[in-house]
Amino acid sequence: MKMSKWVSTILLLSFLNPIISKGSSNLAQDFLEFANKNEVFEWMVGVRRKIHEKPELGYEEYETSEMIRKELDKMGILYEYPVAGTGVVGFVGSGEGPFVGLRADMDALPMQEMVEWKHKSKVDGKMHACGHDGHVTMLLGAAKILKQHSHLLKGTVVLVFQPAEEGGGGAKLVVESGILKNVKAIFGLHVAPEQPLGQVFSRSGTIMAGSGFFEAVITGKGGHAAIPQHSIDPILAASNVVVSLQHLVSREADPLDSQVITVAKFQGGGAFNVIPDSVTIGGTFRAFSKASFTQLRQRIEEVIVGQATVHRCNATVDFAVDNKPFFPATINDAGLHKFFQNVAGDVLGVNNVKEMLPFTGAEDFSFYQEVIPGYFYFIGMNNDKNGKPASLHSPFFQLNEDVLPYGAAMQATLAATYLSDSQSQHPENHDEL
Ligand SMILES: *[C@@H]1O[C@H](CO)[C@@H](O)[C@H](O)[C@H]1NC(C)=O
């Protein structure tokens, strides 16, 4: 549909007339106020606790997905389902372009919650220890804000509830589904337990590392531990493999090009007096550039196989990319950085918008950024001046629910402002999704 002349004239007038126009600053404050309303806050807390009690692992988020769809139904928001397995993609706004994406990850971790409280995980061995229950809730909160103000939206917000962030690379499948084809930009957030509540943290360019996993089986020949000359000892071989892997970063990588190799798994043997047949080791590696990542991957394989051979063992190396795809580095779009800082300043105050250093964690949000300009940021939730809160992926992790209105308002304001800005820059933009 082409915008008629009088509509664009009215739009133009509304930009010129400060009484009619709602600046992004007003919008930000309205949105935050709405998210802080008692009934909205209580609703978000309720949703979050329900999801927290029923944690589900990557690609198994059936009940979480159903809860999301029920809430979207109640709000009258249309959605597509299934996307990438259990994923849900909602649409709020004019139904026409431009399109802007907001993303939340849905999956929990395979660990036992150790926090004793009323809404503790009801599933043994599974826990929302990375705050994804909060991320989903904040996106539902943003959806409610946007739906309430949908007459102000100059385009369509695409709400991406994505499965399997924890290693599964759900974002890759969402991209491959094609549903984001006409999306012009996408925003994602992560809770930060140690950073102050009411502040956001990010940077332009590379913010998190590329990440991969490896597993190797080192095979020797088992036998009596007291007669080693009749065996080929895979424990000693694997031990040397672990040590040699550490030399890749310390001796082969540029000290200014940060990289990590960690062997986090070492399994073999079961008795004091038996040399086992084989040992399995596994771990992760991180690098910020594609070239360093590729180099590291190749050298990991060479070192494991070569060092095993030194000890008369054989080794096979598996990068398990079928169920744990390599994550690219998370790289924030430079143009969106300025935009983000302005909007975040309007929502939270300029003093609460902080720059951060990159770190070697990884995020599958990077798959979106490979195809669309994307921006990822952290949102603080610590309001305890004395205690040091448990970190992400700790069985003692606790989400501070006071973060929910901030995250919901931030996401909603980013999306709404992005649409107004791009509509005023390209008023002819009317792609179908
Ligand atoms: C290693 O592989 C070779 C070739 O398949 C085989 O001959 C040898 O027995 C293997 N060594 C061990 C320790 O498994």
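Backbone N, Cα and C define each Cβ position, glycine as well.
Unlike curated entries, TrEMBL annotations are predicted automatically.
H132 (Mn(2+) binding site) falls within a helix when secondary structure is assigned with DSSP. Residues near H132 (Mn(2+) binding site) in space but far in sequence (CB under 8 A, at least 6 apart, same chain), listed by position: A104, D105, M106, D107, A108, E165. Annotated Mn(2+) binding site per TrEMBL: C130, H132, E166, H190, H393, in sequence order.
Per TrEMBL, the feature domain 'Peptidase M20 dimerisation' maps to 210-304.
Taken from TrEMBL, the feature signal peptide covers 1-21.
Within 10 Å of the Cβ of E166 (Mn(2+) binding site) there are 20 other Cβ atoms, across all protein chains. The average pLDDT computed for the domain 'Peptidase M20 dimerisation' (210-304) is 97. Look at the domain 'Peptidase M20 dimerisation' (210-304): DSSP puts its residues at 37 helix, 36 strand, 22 coil.
Other than the site residues C130, H132, E166, H190, H393, same-chain residues with C-beta atoms no more than 8 angstroms from the centre of those residues' C-beta atoms, the Mn(2+) site, are D105, D107, L109, H128, A129, G131, E165, L392.
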